[in-house]
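Notes to accompany the following structure.
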Amino acid sequence: MPACKTPDWVRDALNERRAHNLLRRVRPITPPQSTHVSIAGENFVSFCSNDYLGLANHPDLKQVMADAAIKWGVGSGASHLVTGHLDIHVELETALSDWLGFERILLFSTGYMANLAVVSALGSKQRPVVMDKLNHASLIDGARLSEAPFRRYLHNDIDSAAKLMQRFDSPGVLATDGVFSMDGDVAPVAELAQLARQNNWLFVVDDAHGLGCIGEDGRGVLAEQGCTAEDVPFLVGTFGKAFGVAGAFVACSEDMANYLTQFARPYIYTTAMPPAVAATVLASLEIIRSSEGYARRARLADNIAMFRERAKRWPFDVMFSNSAIQPILIGDSALAMRVSKQLESARILCTAIRPPTVPPNTARLRVTLSAEHSPADVMHLCDTLDLIFNDECK
Ligand SMILES: *Cc1c(COP(=O)(O)O)cnc(C)c1O
């Protein structure tokens, strides 16, 4: 195949990553995405997807998507502001408003873009952005795009957040993940909301990993901490995780939604999500709010409890988390890779997460649990880790 000559700086950057055991690569999984997946014809139990409720391969949702595609076609054809804003989008927005208690919802094709949109439109040279050090990359990139003065406070540390905010003369934007994607712990959202309100700052919560999984009715970290749209004026959620589909939203007030519609470039200059995706997300929301959703959350909680009980005997800490994300803190990148490879030899998939995704010397195995894992699946993972850790720590 013809290819351009690789510049030295590209080769050097790749070699540098390789030398530190940090080279990232993709590999194809044979669909469907599930707790049991196949790679090149071999079967694995997977503990690394974000399909926390096991909805990505749900028979009813598959039917909804197929039917919607037959009825409405496969593409939305344009951006929301041109002719891409369809009835089914409005229906989904209304259902989300009703579920979460926000005046308005804006839909996005990915959570990455939702975060870029909200932070880049709210931050500016006059309105600084302050956020948790461990926030998702898309919130950080939103701040960069805004050209706002930008500071990050110590993880989940209210005093550190308050100190950084006080350094600025004018109010700005405070942002945090709800459930942190690489640690699985939860932000003190109620306290941060109070801090933001006292200082007249806007407040953004990205609850990509909490929505659907925690809080009453699966309404995430806001419900869990008794917060409403008054405390948290901007809530970002995604449909690619617990919802099992794809896409994202920003929930906010009527005026703020109008503002974002004028000024948030990642909302304006992109094609609206396909109608079949919107229909499937809507059906997924119905499951999440139903007794089936409740039962799935209960099964997930049982798996988490079982895993954490077994983890007590390991020589590595499992990070403090009651969410589906249960990282085992290994520290050394090479060791984390070795454990991940040994799990793979035992037909278990569990990704090692290494710097720069996480801070130096905090390489970890990011175990994610799903309602779809059987107790036997979780036991199998724990038994195998017993053996590997015994061997590695002799
Ligand atoms: C996954 C994730 C996103 C990005 O969502 P996508 O829909 O996958 O682009 C944003 N924020 C957090 C905290 C996430 O974990």
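Including glycine, each Cβ sits where the backbone N, Cα and C put it.
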Which candidate from T271, T280, T357 does TrEMBL annotate alongside R24, H136 at the substrate binding site?
T357
Do you know which of S97, S181, S253 TrEMBL groups with G111, Y112, H209, T238 in the pyridoxal 5'-phosphate site?
S181
Separation of alpha carbons, T357 (substrate binding site) and H209 (pyridoxal 5'-phosphate binding site) (Å):
17
Need the DSSP three-state call for T238 (pyridoxal 5'-phosphate binding site) to compare against my parser.
strand
Spatial separation of S181 (pyridoxal 5'-phosphate binding site) from R24 (substrate binding site) - C-alpha basis, Å:
18
When you measure from each Cβ to the nearest atom of ligand 1, which of the binding-site residues R24, G111, T357 fall under 6 angstroms?
G111
Including all protein chains shown, what's the count of other C-beta atoms within 10 A of the C-beta of G111 (pyridoxal 5'-phosphate binding site)?
24
